[in-house]
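Here's the structure, in C-alpha cells; my notes come after.
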Amino acid sequence: MNAKTDFSGYEVGYDIPALPGMDESEIQTPCLILDLDALERNIRKMGDYAKAHGMRHRSHGKMHKSVDVQKLQESLGGSVGVCCQKVSEAEAFARGGIKDVLVTNEVREPAKIDRLARLPKTGATVTVCVDDVQNIADLSAAAQKHGTELGIFVEIDCGAGRCGVTTKEAVVEIAKAAAAAPNLTFKGIQAYQGRDAAHGQLRGPQGQAGRRHCPGERGRGRAGGRGLAPEFVSGGGTGSYYFESNSGIYNELQCGSYAFMDADYGRIHDAEGKRIDQGEWENALFILTSVMSHAKPHLAVVDAGLKAQSVDSGLPFVYGRDDVKYIKCSDEHGVVEDKDGVLKVNDKLRLVPGHCDPTCNVHDWYVGVRNGKVETVWPVSARGKGY
C-alpha cells in the first residue's frame, strides 16, 4: 500500500485513526504520529551528511516498513535505495515502486529463494547477503530458473555474533563463487555493526567504536587482492555512521532510526555529552496516547500499553514534559506518575517509544502531523512482513 489520497469509505476509529484535516486532538489513540517537520529535517540532514562525506546512503526500511517514508528519504535525502531484512519486506517495497532493494540478511529456504529470484521482475535491482558457498549455488539456480539477476554482498560478522563470516579466507571463497555463478554478480561486502555498536560510547574522534571496522577493511583488502574488488563496502547505522563515514573503508551507509529516533538512541551522547536525539537528530515518531483514568490522585492511566509499543529497550518517555513520567505498562494500559495531579481524563500525551523498529511493526498507520493538523496518513506497508 502506498500513500492514500482517497479515504472514502474509511471509518475513523475502526479503519483508520484519523483523516487529513483533523486536529491532533481528534486523532483516535493509541496510534503512531509523525512530526513531519522534524522528519523532513532529519532526512535532509542525513542526506547532506552522506553527500559531504562522499558516501552513498541506503536507508533501512526495517525501521519504518513504509513505502511512503522510503520515497521521502529518496526524494529529500538522496537515499539510493532501501535495506530490508525479510523477503516479504523486500516484496512490499519493490511492489510499492522502490527500484533498488538490498536484503541485508541471508535467505536460505527454497521457497523464499524462489520468491527473491522472481523479485527483479518488478523492475527492481535486488541484492542479498550471503555467508555460505552453498547459498550461492541455490541463489544462482533460482535466478537462472526465472531469468533474473541478483547481486551478492558477502556478509562479515562485525561482533554481533549473528550471521556473517569471520575469516578473510571465507570472504574470498564466497566472493569467487558469486563472481563465477551464472545470473549472480559479486557487488560488495556487508559489514554492519548493529544498533548497539555505539551505545555507551562518545560520538566523536575519541570514541572507540571505530576500532570494530577492521573486519570490513580486511575483507575488502583480501577480496581486492584476488581481483575481486568490491564495488561497495556497506554498513553503518544511526549509532555508528560517524565512524564508518570517516574510516576510509566504507562507501555506503545503512542508517534507519535517524529518521524517527527513539528513547534508546537518546542514551547515546555526542562528543559534547549531549543526547543525540536532542541536537544531532530530532524525535519525529511518537505514540499518541490518551488519559483514560485518574482514579488515583498521583497516577494517570493511558491507553498505550504493551500492544502499542515495544519495551525491549526500555519504557517510553513522555515528550516535552518533566512533570509526569511513564512508569509501567500492561497489555492495554500504561501508568503515568502524576505527582501534582496535572493530567485530566482525555488529555493526550506524546510518548517517545523505547525502540522504534518493533513499535512501528504493531501499527497499521502513520498519522503525519504539521502545526497541530493532520496532513497525511500513510500505511505501514510492510507491517507483519516477517517471512
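Just so you know, glycine gets a Cβ as well, placed from its N, Cα and C.
Not measured: the values here are computed from a predicted model.
Taken from Swiss-Prot, the feature N6-(pyridoxal phosphate)lysine covers Lys62, and the record attributes it to similarity to another entry. Mapped onto three states, the DSSP output places Lys62 (N6-(pyridoxal phosphate)lysine) in helix.
Around Gly256 (pyridoxal 5'-phosphate binding site), the same-chain residues six or more apart in sequence whose CB sits under 8 Å from its CB are Ser59, His60, Gly61, Lys62, Met63, His64, Cys83, Gly237, Thr238, Asp357, listed in sequence order. What Swiss-Prot records for Gln85, Thr238, Gly256, Ser257, Tyr265 is pyridoxal 5'-phosphate binding site, and it gives similarity to another entry as the kind of evidence.
Positions annotated as region 'Disordered' by Swiss-Prot: 199-228.
The Mg(2+) binding site annotation in Swiss-Prot covers His355, Asp357. Asp357 (Mg(2+) binding site) falls within a helix when secondary structure is assigned with DSSP.
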Per DSSP (three-state), Tyr265 (pyridoxal 5'-phosphate binding site) is helix
What's the number of neighbouring CB atoms sitting within 10 A of the CB on Asp357 (Mg(2+) binding site)?
21
Need the DSSP three-state call for Ser257 (pyridoxal 5'-phosphate binding site) to compare against my parser.
helix
